[in-house]
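A.B. asks: Once you've had a glance at the structure underneath, I'll fire off some questions.
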Amino acid sequence: MEAAQVLAPVLLFVGNAVCGILAHWLHLRLDAKQRHPRYFCSAMLFTGGLLLGVSLLELLPQASDVMSGLQPHFPVAEVTLSSGFLLSFLGQELLRAYSLFRNRRIMSRSSSEGSPLGSVSGSYYGSTANGSNLMPQPRPSDLFVAPVVQGSLILLGSVSLAYYLRSNTLGATADFTWKAFLTTAMQSYLVAYAVSLVLYASAGRGTLMLWGSVFYAIVPALGCIVGLAARSKMNEVAAGVMDALCGGAVLFVTCFEVLQRYGRSALPPPLQLVPVAAGMGIWALLLYLFPKGH
């Protein structure tokens, strides 16, 4: 069984690479956001359903099971999840305020300097007299001031932490079973697909966010390797707190940057619920087929 446990990080990485990196790259190659808007909106709503499953059917119940003994008559896990939701909201709003302040300073500085690049500025703000080749290209750092990009990075960090902890527990478990591995692996593969679509949607044709899919493919495998090497895992209560906080962050991004953004899509209103329900149904089916029983 030791050999099978050593194989687990490889299978985690390969599966996450196929479901995450490959899916992201294919959407980039096909330019799905521009060329196939109906498919893309449906895929994003399906992704929203998957992420609702991650938050409400996986992270919250897991945290509730662990933290219920702390205060039997107080919903500790639910309050912690709400705190994660609120912290994500405040964090994004602070980043948005900072980006607005930064842009305002840049504009005031350029106007006070007499705008020596006036022809380029005219091209940037809509003038076509100088040709499109004079339009300044946005710097990579400017990409991260967009709220949708900030939301995708919050999602990436949250699910990476949650599935690092799960993979770490899997690697540190002495009585390793393929059933436990399949439970963690199948969830991780679906999350890799969902994260890859959210990252792609936030940057469109840009390839910079592809590195986010690469990052997520590595993290669960790394957690499993650390668990195998150290044979130690995080305290259960601390892991439950992290699950609830991550669940709140995932729920925030799902509501405001996925469902709200793509709910007003090309699909008619009744049909918009179908891909969301399908995503949650797939996650519920996964929990049924691969329960957490030990």
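Any Cβ shown, glycine's included, is placed from N, Cα and C.
So TrEMBL lists the following for this protein:
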| type | residues | note |
| --- | --- | --- |
| TRANSMEM | 6-27 | transmembrane segment |
| TRANSMEM | 39-60 | transmembrane segment |
| TRANSMEM | 143-164 | transmembrane segment |
| TRANSMEM | 176-201 | transmembrane segment |
| TRANSMEM | 208-231 | transmembrane segment |
| TRANSMEM | 237-259 | transmembrane segment |
| TRANSMEM | 271-290 | transmembrane segment |
A.B. asks: Please check if the transmembrane segment (6-27) comes into contact with the transmembrane segment (143-164), where contact means 3 or more CB pairs closer than 8 Å and the residues in each pair are separated by 6 or more positions.
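C.D. replies: Output no: the transmembrane segment (6-27) is apart from the transmembrane segment (143-164).
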A.B. asks: Taking the transmembrane segment (208-231) as the first stretch and the transmembrane segment (39-60) as the second, find out whether 3 or more Cβ pairs fall under 8 Å, excluding pairs closer than 6 in sequence.
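C.D. replies: Contact between the transmembrane segment (208-231) and the transmembrane segment (39-60): absent.
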A.B. asks: Out of 39-60, 237-259, 271-290, what stretch is closest in contact terms to the transmembrane segment (176-201), meaning most Cβ pairs under 8 angstroms?
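C.D. replies: The stretch I would name here is 39-60.
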